[in-house]
Protein chains: 2
Amino acid sequence: MLTDFMQFAVDQAKLAGVATYQNPRVGAVLVKDGHVLAQGYHHYFGGDHAEVDVLRQVTPEQARGATLFVTLEPCSHYGKTPPCCEQLVDAGIQQVVIGQLDPHPLVGGQGRQYLRDHGVKVITGCMSDVVRKLNPHYNHFYTQQRPWVTLKTAMTLDGKINSGAPRRTLISNHASYVDSQRLRSQFQAILIGERTLTIDDPQLTVRLIAMSQPPVRLVVLESSTVALQHRLVRDGQAPTWLLCRHAAASDEQLQASANVHVLIGDWSPAAISQLCVEQGWQSLLVEGGAHIQAGFVAAALVDEWISYLAPTMIGGAGLPAVTGAPATESLVFERPELAWLGTDLRLRAVRKEGE
Amino acid sequence: MLTDFMQFAVDQAKLAGVATYQNPRVGAVLVKDGHVLAQGYHHYFGGDHAEVDVLRQVTPEQARGATLFVTLEPCSHYGKTPPCCEQLVDAGIQQVVIGQLDPHPLVGGQGRQYLRDHGVKVITGCMSDVVRKLNPHYNHFYTQQRPWVTLKTAMTLDGKINSGAPRRTLISNHASYVDSQRLRSQFQAILIGERTLTIDDPQLTVRLIAMSQPPVRLVVLESSTVALQHRLVRDGQAPTWLLCRHAAASDEQLQASANVHVLIGDWSPAAISQLCVEQGWQSLLVEGGAHIQAGFVAAALVDEWISYLAPTMIGGAGLPAVTGAPATESLVFERPELAWLGTDLRLRAVRKEGE
């Protein structure tokens with residue numbers, strides 16, 4: 001069965017974790033006479049593509065006339081590595097079974113065309129539903145031309161994110177903290193607002209997982225002055241972009257650091273989304289606060305909602321998870337996925353397509 | 001095993017559903033020589049007690065020397081029926097195994113004492129954790145001297161109960177509606193505030209389940225005038241108590257209906273709780289709105305939180321489920337129980353004891 005071998009390729013792709021960064025996760029399996037000759041995957045950003053990882057493991061004799069199962073369409077352009085299509089043709093691969101065509105504008109069906117033009121039999125769309133889930137952010141970015149946006153919040157049963165007093169309130173438990181570190185590692189940019197910066201002084205780093213390309217840190221501010229004393233412009237742990245409404249004397253001082261950028265503009269959710277497009281950040285994790293979240297809901301720029309629900313109640317003075325900018329329409333989500341983290345409940349809901 | 005027979009008694013007790021009203025649900029099993037002779041339960045408010053239901057099924061000969069398993073301590077006082085203890089002694093029951101002593105002040109260990117004084121061997125506390133769950137509201141009412149209070153809300157993923165506009169917003173789905181009907185049937189009083197009355201014009205009735213003693217309907221109001229045009233003072237479906245801050249000309253007119261009561265006072269959550277004690281309402285379901293809920297959280301008069309979570313988001317202008325009166329302390333709950341109602345999630349959390 002084609003799907004049996006494609007499942008192996010999917011399993012291979014997952015081995016990369018988040019190390020492929022802005023590249024998609026891709027797995028490949030080389031098959032001849034109904035047996036697997038080799039399995040491989042794209043290990044990390046800048047490393048060999050899955051097709052090459054597989055070909056390296058076999059002799060030219062073995063490769064000739066074999067069938068390659070690969071989760072994503074082989075590339076046809078010179079990027080960090082030479083195009084895989086050429087190498088597959090040169091190796092005498094007879095048939096290529098593809099999970100999903102590559103939505104990247106530099107590939108987009110051209111890999112398949114190249115293979116067919118060179119006498120390789122190509123089947124596409126094998127297990128495409130499963131394969132697509134390997135790279136939801138990458139697929140979304142290149143098909144929708146905007147980043148995948150996830151709103152994340154830690155809240156009480158009554159929907160509050162802090163006590164309402166201007167100091168940090170610890171809502172969720174340690175298991176939720178660990179889980180939110182894993183969550184951060186899957187994003188290329190993390191966004192907070194000014195109040196979250198000043199009250200929480202967060203680092204927004206992935207502390208529990210070593211990362212070659214940590215998510216960039218975005219902060220929406222009136223001006224950069226308030227950022228001066230905060231950790232994320234001082235720790236050098238990841239790039240920090242200060243999205244300011246007004247220029248300030250502190251701008252120049254801050255930009256002296258290679259890791260800090262100051263941009264002046266009207267930073268609506270749409271403008272932030274556009275910045276992500278320009279910078280190639282495929283995914284944006286909006287960590288708060290309540291007003292930033294409301295802005296993204298109002299702009300309908302929400303693809304996913306993740307909340308860590310703690311079994312407590314703060315009551316009427318607590319700050320709601322989402323407050324401020326009114327939305328003109330309700331957003332509709334698929335049935336949430338649930339996971340227990342001790343006594344905290346993680347609730348994950350993906351926006352319903354076409355709504 | 002003692003617990004095997006007690007489990008049968010628990011299963012019997014559950015057969016009554018909510019029909020026992022202000023009486024506890026009680027099951028009983030009569031055992032002789034290791035075999036069950038009869039099983040019975042308290043069927044409905046005012047009906048035979050479980051002990052009598054069992055004795056009716058056997059001959060005097062069979063009863064003599066038998067062991068009775070009963071989930072709750074047999075009563076020792078003349079209420080709607082003669083005391084069970086006397087009947088058990090008269091029948092020559094040799095041993096009584098009790099799940100839980102009755103917290104009702106008219107029993108409270110006196111049943112056990114009566115049995116012992118008359119030569120019956122008594123064992124107490126058999127499966128007490130399981131048995132206690134048969135009557136959480138009853139137990140709470142008589143041990144804490146206040147009603148069991150459940151806050152119920154239908155909310156979006158972002159914790160909103162309506163769009164913020166002064167009209168009804170439908171949040172939850174039909175399966176949640178059906179479930180909330182079942183929920184209402186388990187309560188002796190239901191409370192709403194003035195805004196919920198005027199915006200939703202609710203009936204607060206249990207429409208899907210026939211009930212001899214439907215929950216009374218409580219509304220907190222400035223004055224009774226606004227209630228005049230609303231269904232719950234006109235439909236005669238259940239008693240309605242209008243808890244008003246100020247007297248009004250409409251009071252007399254409304255009280256002409258046998259089902260409508262007007263009380264003038266300062267209706268804090270504590271005062272409402274006290275009214276329940278005086279009236280013998282063991283359980284109170286607070287259905288909203290947001291300010292009433294906040295009042296009960298602030299007063300720490302919350303025993304249970306039930307929310308129906310719909311997979312939608314309303315955004316920054318939506319009304320939070322709980323808003324208004326500030327609480328001085330967070331309330332802590334046990335790990336919630338979850339149930340799917342289609343794509344809605346019902347989340348039920350019971351307050352942690354001693355917190």
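Backbone N, Cα and C atoms are what each Cβ position is placed from, and that goes for glycine too.
Because TrEMBL annotations are produced automatically, they should be read as predictions rather than curated entries.
What TrEMBL lists as domain 'CMP/dCMP-type deaminase' is A:1-114.
Sequence-distant contacts of A:Cys75 (Zn(2+) binding site), defined by Cβ-Cβ distance under 8 angstroms and a gap of at least six in the same chain, are A:His49, A:Pro83, A:Cys84, A:Cys85, A:Asp102, A:Leu106, A:Val107, A:Gly111. Secondary structure from DSSP puts A:Cys75 (Zn(2+) binding site) in coil. Feature annotation from TrEMBL assigns Zn(2+) binding site to A:His49, A:Cys75, A:Cys84.
Cβ neighbours within 10 Å of A:Glu51 (active site, proton donor), excluding its own Cβ and spanning all shown chains: 27. According to DSSP, A:Glu51 (active site, proton donor) is assigned to a helical segment. TrEMBL lists A:Glu51 with the feature active site, proton donor.
Counting only same-chain residues six or more apart in sequence, the Cβ atoms lying under 8 angstroms from the Cβ of A:Ala290 (NADP(+) binding site) belong to A:Ile161, A:Leu319, A:Pro320, A:Ala321, A:Val322, A:Thr323, A:Gly324. Here TrEMBL flags A:Ala154, A:Thr196, A:Asp200, A:Gly289, A:Ala290, A:His291, A:Ile292, A:Gln293, A:Ala294, A:Gly295 as NADP(+) binding site.
The Cβ of A:Leu204 (substrate binding site) has 26 other Cβ atoms within 10 Å, all protein chains considered. According to TrEMBL, the feature substrate binding site maps to A:Arg184, A:Leu204, A:Arg207, A:Glu287.
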For this session: Other than A:His49, A:Cys75, A:Cys84, which residues of the same chain sit close to Zn(2+)? List them in sequence order, counting a residue when its Cβ is within 8 Å of the Cβ centroid of the site.
Result: A:Val26, A:Ala50, A:Glu51, A:Val52, A:Pro74, A:Thr81, A:Pro83, A:Cys85, A:Gln87, A:Gly111
Exercise. By DSSP, what is the split of the domain 'CMP/dCMP-type deaminase' (A:1-114) into helix, strand and coil residues?
Worked result: 35 helix, 25 strand, 54 coil
Exercise. For A:Arg184 (substrate binding site), which of the recorded positions A:Glu51, A:Ala154, A:Asp200, A:Ile292 has the nearest Cα in space?
Worked result: A:Ala154
Problem set entry | Intrachain C-beta neighbours of A:Glu287 (substrate binding site), sequence separation six or more, cut-off 8 angstroms | A:Lys152, A:Thr153, A:Ile190, A:Leu191, A:Ile192, A:Thr196, A:Pro202, A:Leu204
Exercise. So which of these recorded positions, A:His49, A:Glu51, A:Cys84, A:Asp200, A:Ala294, get their C-beta under 8 angstroms from chain B?
Worked result: A:Ala294
Exercise. What whole-number distance in angstrom separates the two most remote CA atoms of the NADP(+)-binding residues A:Ala154, A:Thr196, A:Asp200, A:Gly289, A:Ala290, A:His291, A:Ile292, A:Gln293, A:Ala294, A:Gly295?
Worked result: 20
